[in-house]
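The structure appears below as structure tokens.
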Amino acid sequence: MDFQCRTCSQAYDAEQMMKHLSSTRHKTVFDTSNDEDICCEECQDKNIHQLQIIRFGGEDMVLLCNSCFRKEYSETERPSTSYSLQNGSILKFWEKYVKVRECCCDECGEESNLNANRNGEVLCDKCLPKSNRAKDFVSEKSGRFLYIYLGLNETQNSTRKPRKKGGRRVGRGKKGRKGAKIKKEKKETFEAKISRIAYEVKKENSTIQSSSSSNLRNFKGFKAVESDPVVAAKVSKSETSRSNPGPSNRNKGKGNKANHKKNSGNGIGKEKERKTNIRNNVRNSQPIPEDRKNTNSHVTTNSGGKGKNESVDKHQLPQPKALNGNGSGSTNTTGLKKGKKDHAGQKTKGNDKTGNKNPREAKLNSAGRKNALGKKSNNQPNKGTSRWTIGSDTESSREPSISPNENTTSITKSRNRNKKASKPTLNEKSKTTTMPKKLETKNQEKNNGKTKDGKLIYEEGEPLTRYNTFKSTLSYPDLNTYLNDYSFALFLEQKLENEFVQNFNILWPRNEKDTAFIINVEKNNNSELEKLLPANLLALGRPAFNERQPFFFCTQDEQKVWYIFIKELSIQRGKYVLLVELFSWNNLSLPTKNGSSQFKLLPTSAQTSRILFAMTRITNPKFIDLLLGQKPIKEIYFDNRLKFSSDKLNRSQKTAVEHVLNNSITILQGPPGTGKTSTIEEIIIQVIERFHAFPILCVAASNIAIDNIAEKIMENRPQIKILRILSKKKEQQYSDDHPLGEICLHNIVYKNLSPDMQVVANKTRRGEMISKSEDTKFYKEKNRVTNKVVSQSQIIFTTNIAAGGRELKVIKECPVVIMDEATQSSEASTLVPLSLPGIRNFVFVGDEKQLSSFSNIPQLETSLFERVLSNGTYKNPLMLDTQYRMHPKISEFPIKKIYNGELKDGVTDEQKAWPGVQHPLFFYQCDLGPESRVRSTQRDIVGFTYENKHECVEIVKIIQILMLDKKVPLEEIGVITPYSAQRDLLSDILTKNVVINPKQISMQQEYDEIELFNAAGSQGTAGSLQNNVINIINGLHVATVDSFQGHEKSFIIFSCVRNNTENKIGFLRDKRRLNVALTRAKHGLIVVGNKNVLRKGDPLWKDYITYLEEQEVIFTDLTAY
């Protein structure tokens, strides 16, 4: 007999269903064989936890809830035999109960005065005399009826048990029982139908497929035991051999005398065999009691899943001393105290005899004691993985020896070029930017890339020295290799931002093939957990963990990493009990012979969590081929004879629209000002009108790119249902007064909330405390409104990472996805929209000749757009070939030198001329003031950036000329510079200037949070020197080049900053950064800098200075302008 859980729709047999209900606390069960819900005969209560089947000796069986049972029977009248979920028998006896309930005469159907024999035959008193075997039947009045009818064992005192009031209950069977069949459902309303479908779709879209059948109730394991130095060496040797490629070596090492006992679970010392489950494990490991919390798990189980293959971790490379999130007073990630020198790959002496009582402290305080996981493996990495040359952060190190991979194609990116500027941490509450401290000594950093106090040196726009060379992989042999590679890159990034969790205990699985294990974490007075949640959420009792939450699980030296997620959790005796499972792409098996102190947990940011979840949802074969980069992408060219909505589209734009309609994957190159927004608008209109397919999802890495498209659609197509979804941090910037305010989801939801819930919403916006009941009611009503609005939208605009939020889980399928600024989207973040359900067409729109995203981990900078073009799987990418933004004098050099003449002007000099401006392209020679170095310190990283006060003074003069002489509004002027320090210095000077800011209005900041790595508020990362901030002074925009990508202004002033005797220009050498800087202006571009330094700093700059000299637009004073 099969049963189905009404809450999660999972179907099991009786035994498995009872385990499921006990662990999840789901309440309602459906009997699929009899087509009915299990409920109380009296009140129809369906809560399985309150129900029990009661047997009155051999007389009758009834199904009652606890409340009805207490009402009907007193203590002395209550029978001793009952079957409930608590004693694990209610579903086992359900079939017998149904048999008794349905019992009637086989001849006439009478339900009363019955008699039964051991063959299961039933006759009433009237029909019994007609049978020739009447003597074999027993009457229901004898008290032995059920023993004979059901074949139960009859005990000696069975007749002494309490008798049921009124005898056996009738009227429950086929002739109309009172509460057996489920009540007739009321007709489902439209609102209820939407809610039901939304819930089912959300649950499906939130599921992580599981390969383990373990849950908290049935888990059988043993406590991870710390090893002594002698045994640790043996385990280390065993683990090393286990990690070698080839047949599984899991059972090797069991021949050790210390471990020679059969089925010794932990494999360390003389531990006895532990035949336990989670309820009777070692007492001090906090066993799981029965009263579990309702976890409502959405992790489906494939009980036939196979164990993981034994293979070497491709990332087992000798690592330098890594940053630790515990601050300056913490131990580093290799387990050495700060101040100790750690030579990569070098063995140091040490043992456990340190005098520390805590084994974890003994390990962390040992001077480089070898991790019990074993020696560093010299195995080569798996095929298809990215290769790293890791720069040393210590005085002495060695490079890892890695053999080239013959089956993959690689390109090498120089980390001294093509690098975006890093981002400073932004305090959202502050209206002004804090100026970094001046550098006290010029040569302070010349100490092997460190300051005197041992902090890492980082120059803005340059990579950390440990990742100075990176070889990216253009193709992968299989999806698991691909996912493993990017998971490790995410781990490297996250450990620069987040702090490790060290205090926990592990229960390893006894089954070698199981991929799940248990982690116990103290709930109370745990400072590590207090850092994971804001104070207001802690006050509401929100747990620090949640189901499906991913983590990085690694050894103390970070040489081995496992990627895990929480399958199920509960809170037991003041501890979080986490049943975690390996993601399916893990290469390493569980290290079940090692103690808890040898590992640490790294929490992930919300962005990284969504990426890892997206990795579990990539199932579309076409997209898998796209990611692996081995098969050519099919391209179909067909003239659809479309009727375009606009007659202003050029030929390249029309071709692009037709290509999208004919192909599942489209790569569209869109140089600056070529009408990408107009092309995307036409694609959306054609998809809706021709295919009636919606919702169409439009995503990008930045909000500005999304807003440009949304504003155009909103203005030109008011009849289309448009929705703009923002991250929580951005919602306050998009009020009703914003141009897009009326289509923003949070504003629409607020207007549709009840008055009481609007009050609660206002409290949460102000950061005020609310009660738990208010929080619950608000969450339910907000979800209901959100589901309805999202389900009815035709076009949804959001960022890549926000596309993985809970709002879009309600969408059953998303037929068309358009990604704008695809080169600014890291490949990791691209996986989020790529993994959405039901995608038929995916459109990448970008320009590989402009800046990509920035990350401290080089692999996370490359976009999927770039990699697809580099590996040659997309043979003929389309390109929009006509620019309409820039004055031809401004666009001439980028067209020739950067776009190789493939781009052309769609405007004339006359169309882009500004009254009174004779030189639309103007270079102002500014060589009198040298650059200054500025330092910003965060945690263990010292970042350097640059400013030039003399250039700032001259730029103020230029702005005044544009304002007063050329009549250019401040809103049409933008000042851009490569360096954040120059941006901040300029902003400070302009804010105090009485001509430019006569009313002394405070500076405003417009920021677009970096949705993936180095987000605003992250501390201690090199990339946090500069985020996507635009300072606005009385309408005038001041920004870095990187943050101004995607923007345009009538006039742009470009401050180059660099002026030194060494002719060094840093990341100004980046061809893409120069391209962005030169292509932001529509009517006039003014470049301020020292032509001599720029000319000698880079070949491309030399060409540009030569071009400017040929055009005779280099001036030493401003009178010519």
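Cβ atoms are placed via backbone N, Cα and C, with glycine included.
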> Between Thr465, Thr469, Thr830, Thr937, which does Swiss-Prot record as phosphothreonine?
Replying inline: Thr465
> So which of Ser67, Ser227, Ser584, Ser1055 shows up as phosphoserine in Swiss-Prot?
Replying inline: Ser227
> Swiss-Prot tags one of Ser212, Ser377, Ser392, Ser422 as phosphoserine; which one?
Replying inline: Ser392
>> Helix, strand or coil for Lys676 (ATP binding site)? Use DSSP.
In response: helix
>> Give me the count of other Cβ atoms within 10 A of the Cβ belonging to Thr677 (ATP binding site).
In response: 18
> In terms of DSSP three-state secondary structure, what is the assignment for Gly670 (ATP binding site)?
Replying inline: coil
> For ATP, what surrounds Gly670, Pro671, Pro672, Gly673, Thr674, Gly675, Lys676, Thr677 with a Cβ no more than 8 Å from their Cβ centroid?
Replying inline: Thr679, Asp847, Leu880, Gln883, Tyr884, Arg885
> Counting all other Cβ atoms within 10 Å across every protein chain shown, which of the binding-site residues Gly670, Gly675 scores highest?
Replying inline: Gly670
>> Just to confirm: which same-chain residues, 6+ apart in sequence, have a Cβ under 8 Å from the Cβ of Pro672 (ATP binding site)?
In response: Asp847, Gln850, Gln883, Arg885, Met886, Pro894, Asn1075, Val1076, Thr1079, Arg1080
>> Below 8 Å Cβ to Cβ and six or more residues apart, same chain only. Which residues does that give for Thr674 (ATP binding site)?
In response: Ser652, Leu880, Asp881, Thr882, Gln883, Tyr884, Leu903
>> What are the sequence-distant neighbours of Gly673 (ATP binding site), meaning same chain, six or more residues apart, C-beta distance under 8 angstroms?
In response: Gln883, Tyr884, Arg885, Met886, Ser891, Glu1048, Thr1079
